[in-house]
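What follows is one structure encoded as structure tokens, with my remarks underneath.
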Amino acid sequence: MDSKMEEKDFLACCGSKKFAEEMTSSGPFANLDHAIDVARDIWFNKVDVNGWLEAFAAHPQIGQNPSAKHPSDTSAQWSKGEQSTALQTATDSSLQELSDWNARYWKKFGFVFLICASGRTASEILAELKRRYPNRPIVEFEIAAQEQMKVTELRLAKLFSTQVKAASISTQNPETAAKKAGDRVSIIGAHLTATSEASAGKTPQISPRTRPPITSHVLDVARGSPAAGIEVRLEMWKGNQPRPLFGKEDEGGWVLEGSSITDKDGRSGQLMSMIDALNPGIYKISFNTGKYCPSGFFPYVSILFEIRESQKWEHFHVPLLLSPFSFSTYRGS
């Protein structure tokens, strides 16, 4: 379907040259869903830190027009459209405040404040900027990467809708083709703002995965680098009780799904089989932090989480932010 897509097309979706090269070599794609699955795998598992920064740099600051030296005319045009709601709802004073906070953010983190701005008002974006500003740089870096992926998905939808329209215009009414193309953009836009199709009572579309459904990534906050060489174990609760109970002995109820060791980028590698649908239930992912940092406070760290029936088609990424005397985690997409 994407036989005419070139590297410049994917560069308009994401400003990382590595990303564009990998997408070009991975094609052709059967459909949009296939392209998005491959794009997520490339962005999170193959593009390095420099590639992430390169992609961030391709975005104008929120509230500003793209530079005349922007590497992609298509990307610049899409940026304008994505910020249209913010610009339409902004006042002179709010634009000035956005500019001031953008400058503060850049000074602290060294890259542009990145957010999937499509449909967001200026006040919503400013509030989110202020909320994220206190984050540690390594935490904010990961959040920015997640936001970049949202933008990339939205732009891939636009790219595919253009091809659908071009391919269909000779065989059907142009208005029908345009409507179908627009519907694809609407569908992916809804995907970015909703928790999941299943939670809304709809049957999700099954598509082949390009990575295991549960992954992890460990960052060493103290050193400001990925944490390599940490043993990671993934287990599922299959005890006599429906779930492990706080304060109760739970030995014997956990069944090992898989184990791995983090690589030089701090990524856990494959912790379970490549399956389409996860078994709903309670999972535990454990990190041998004591071996990694013998003088640290935690001999090991375990994180428990529940995957529900409506979430079995989703991907769960569990980053761990580690320092000698504390750790934090949040669910990535």
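Glycine too: its Cβ is placed from the backbone N, Cα and C atoms.
Model, not experiment: these values are computed from the prediction.
Here TrEMBL flags HIS217, ARG267, TYR330 as substrate binding site. The domain 'Oxo-4-hydroxy-4-carboxy-5-ureidoimidazoline decarboxylase' annotation in TrEMBL covers 7-157. For 214-332, the entry in TrEMBL reads domain 'Transthyretin/hydroxyisourate hydrolase'. The feature region 'Disordered' is assigned by TrEMBL to 63-85.
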As a test of reading the model: what is the averaged pLDDT for the domain 'Transthyretin/hydroxyisourate hydrolase' (214-332)?
83
Inside 10 Å of the Cβ of ARG267 (substrate binding site), count up the other Cβ atoms and send me the figure.
19
How many other Cβ atoms sit within 10 Å of the Cβ of HIS217 (substrate binding site)?
20
The domain 'Transthyretin/hydroxyisourate hydrolase' (214-332) - residue tally per DSSP class, helix then strand then coil:
7 helix, 52 strand, 60 coil
